[in-house]
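Participant: Taken from TrEMBL, the feature domain 'Major facilitator superfamily (MFS) profile' covers 14-438. According to TrEMBL, the signal peptide annotation covers 1-21. Residues or ranges marked as transmembrane segment in TrEMBL: 63-84, 96-115, 121-141, 153-173, 179-200, 263-282, 294-315, 327-348, 354-373, 385-404, 416-433.
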C-alpha cells in the first residue's frame, strides 16, 4: 500500500506540469483593453485545451503567476520535509502519515475547485507541505515494515512506483483535458489510499525504539500471519536506548550535538543537494525534449525506470555496496554534464540529448540509493528527522538549478561545468561515509557508539 501510494504522490507533484502548461496564444492589439475582462476578449488561443493559465488569462504582467504557483509548491515541500520527520519520530509513523494524507486530499480538492488564482496558489503551498512531509514518512514506514535485507528492494521499488506514477499522470492528462477534472481524478486516488491506510500497523521498529516491546511484538505477529506464517513464540529484548520517563525524546538538535551524526548530516545534505541540482540541471539544460507535452512528461518518468534494476543489482554486491555504487553513479552523471558541451547538437549515436538522458538515469539511480543509504545511516529514533533535513537541502538544489542557465552570458559551457563539478565533488565526498551493507541498523543514539555499527 505504501508503495502504490507513491503513484498518488507523483500525480500531486507533477500536477502543475500539465494544469499549469502555457498554451500557444496571440493577443489582438487592435484597441487598448481597459480591464482584464476586456483583455480576455483580445486573447486567441491556438487550441481548445483548458489550463488554469487560460481560465484566468495569466498573460503579460500576470504571466509570472504560473511559475509562482510551482514555486509555492516547492516552498511547501521545504517546510514539510523539515517538520514531518521530527513529528513522526516523536508521535509515531502511522498517525503522522494518515493525518498528512487526510490534509493532502483536502487541499487537493481545494486546488481543483479553486474559484480564483489566489486560492489555487495557496492550496498548492499547503499541498506541498503535507505532500513532501508525508512522502518521507511513508518511505520510512515502508522500510521499517521489512527486515534490513529487503531495504534495497523496497527502497528501489518505492522510487520506481514514483517514476511510473509520472507516466500514469501523463496518461490521465491525455485522457482528461479539462484541468479541474484532471485535478479531481488524480486527487481521488488519495481518497482510496486514505481509507486503506487505516489498516496499516504502526512501525515495529519505531515501537521498539520507544520501549513499547509488547506492541512491537504484536505488530510482528500480525505481519507474520499476513505472510502465511504460523504464530511465532516471539519475545523482544528491551532496547538499549529506551527512554526513561524523565528523559525527553531525541530531537532534531541531536543531528548537530553528536559528532558522528553531525558529520554524516553535513555530507549527506550536500549529496542530496547535488542529486537534485544535477537532476534538474540535466533535465532543463541538456535533455530538453520538444514536441507533445504528454509524451514528454511520460518520458521524463520512464527514462528513470532502468535506473532501479541497476541499483538493486549493484548495492547488494559486497564488491560495490551502497557507498561505491552511489559514488560511481554521481561521477558518471558529472561527466555526462561536462561531456555534453563537447558534442555536436545533431550527432547520430552520441548527441547531447541522448547523453543527458543517460546522465539523468544515473543521477536518478543515485537519488534512489541516497534514500536507502540515508535511512541506514541514522538510528531509528532520528531516522525521519535525518531524512527530513537532507530532503530539505535537496529542495534548494531543485530551486537553484533553473537559474544556472543565466551563466551562459559568461560562456555557453559554464552551466555544464557547474553541474559537472557538483556531481564529481558529491561522488568523491560519498567515499567519506561508512558502508552499511550487511551491517546492523542502529535503533538508538547509544548504538552508534558500539563498534559493530
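Every residue gets a Cβ built from N, Cα and C, even glycine.
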Participant: Pop the mean pLDDT for the domain 'Major facilitator superfamily (MFS) profile' (14-438) in here, whole number is fine.
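Facilitator: A mean pLDDT of 79 is what the model gives the domain 'Major facilitator superfamily (MFS) profile' (14-438).
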Participant: Which of 96-115, 263-282, 354-373, 385-404 has the most Cβ pairs closer than 8 Å to the transmembrane segment (179-200)?
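Facilitator: Most contacts with the transmembrane segment (179-200): 96-115.
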Participant: What stretch in 96-115, 153-173, 294-315, 385-404, 416-433 has the biggest tally of Cβ pairs under 8 Å against the transmembrane segment (263-282)?
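Facilitator: Ranking 96-115, 153-173, 294-315, 385-404, 416-433 by Cβ pairs under 8 Å to the transmembrane segment (263-282) puts 385-404 first.
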Participant: Do the transmembrane segment (153-173) and the transmembrane segment (294-315) come close, with at least three CB pairs under 8 A (pairs 6 or more apart in sequence)?
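Facilitator: Contact criterion met.
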Participant: What residues in the same chain, six or more past the boundaries of the transmembrane segment (354-373), come closer than 8 Å to it by Cβ-Cβ distance?
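Facilitator: Tertiary neighbours of the transmembrane segment (354-373) are 139, 143, 151-152, 155-156, 158-159, 163, 268, 271-272, 275-276, 278-279, 282-283, 285-287, 303-304, 306-308, 310-311, 315, 322-323, 325-326, 329-330, 332-333, 336-337, 339-340, 343, 347, 387, 390, 423, 433, 436.
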